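> Residues or ranges marked as ATP binding site in TrEMBL: Tyr12, Glu24, Glu72, Glu81, Leu82, His83, Lys90, Asp91. Residues or ranges marked as divalent metal cation binding site by TrEMBL: Glu24, Glu72. Residues or ranges marked as transmembrane segment by TrEMBL: 27-45, 51-71, 92-113. Feature annotation from TrEMBL assigns active site, proton acceptor to Glu65.
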Amino acid sequence: MNPRKFFRSFIYAANGIYHVVKSEQNFRFHLLAAIVVVIAAAATGLSAFEWIIIVISIFGMFMIELVNASIERVVDLVTPELHPLAKQAKDLAAGACLIYAICTVIVGLIIFIPKWSGIIL
């Protein structure tokens with residue numbers, strides 16, 4: 001493997017992450033939510049397994065937002081006009097993000113509610 005090409009692939013990936021942070025409001029929202037969750041998790045004293053679940057949930061959300069942004073860009077490149085199939089493709093990708101976001105909220109509630117129930121009640 002060519003080390004220069006290998007390093008360049010990391011630069012391209014970092015550029016993609018930078019671009020999505022800069023241009024996508026939903027990604028920034030999920031980034032802020034992730035920071036809040038990590039702070040709450042650190043304050044709560046989660047087990048190693050619970051941390052693994054939280055980390056997978058957070059990075060999964062980042063990944064699906066990156067895929068969603070990619071689909072939006074490709075659709076815009078193929079057809080800048082409003083086309084029913086282009087709208088469907090974008091809506092489907094956004095729907096996938098929404099489903100995963102709901103899943104991560106449920107996972108968070110399953111992890112945090114038992115830990116906080118003694119504090120809150």
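A Cβ is built for glycine as well, from the same backbone N, Cα and C atoms used for every other residue.
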> Using C-alpha positions only, work out which of the binding-site residues Tyr12, Glu24, Glu81, Leu82, Lys90 is nearest to Glu65 (active site, proton acceptor).
Glu24
> With the ATP site defined by the record as Tyr12, Glu24, Glu72, Glu81, Leu82, His83, Lys90, Asp91, how many Å span the farthest pair of C-alpha atoms?
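Max Cα-Cα spread across the ATP binders: 30 Å.
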> If you count CB neighbours within 10 Å, which one among the binding-site residues Glu24, Glu81 has the smallest count?
Glu81
> Per 10 Å Cβ neighbour count, which of the recorded positions Glu65, Glu72, Asp91 ranks highest?
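Its Cβ has the most other Cβ atoms within 10 Å: Glu65.
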> Give the number of CB atoms, excluding that of Tyr12 (ATP binding site) itself, located within 10 Å of its CB.
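Excluding its own Cβ, Tyr12 (ATP binding site) sees 9 Cβ atoms within 10 Å.
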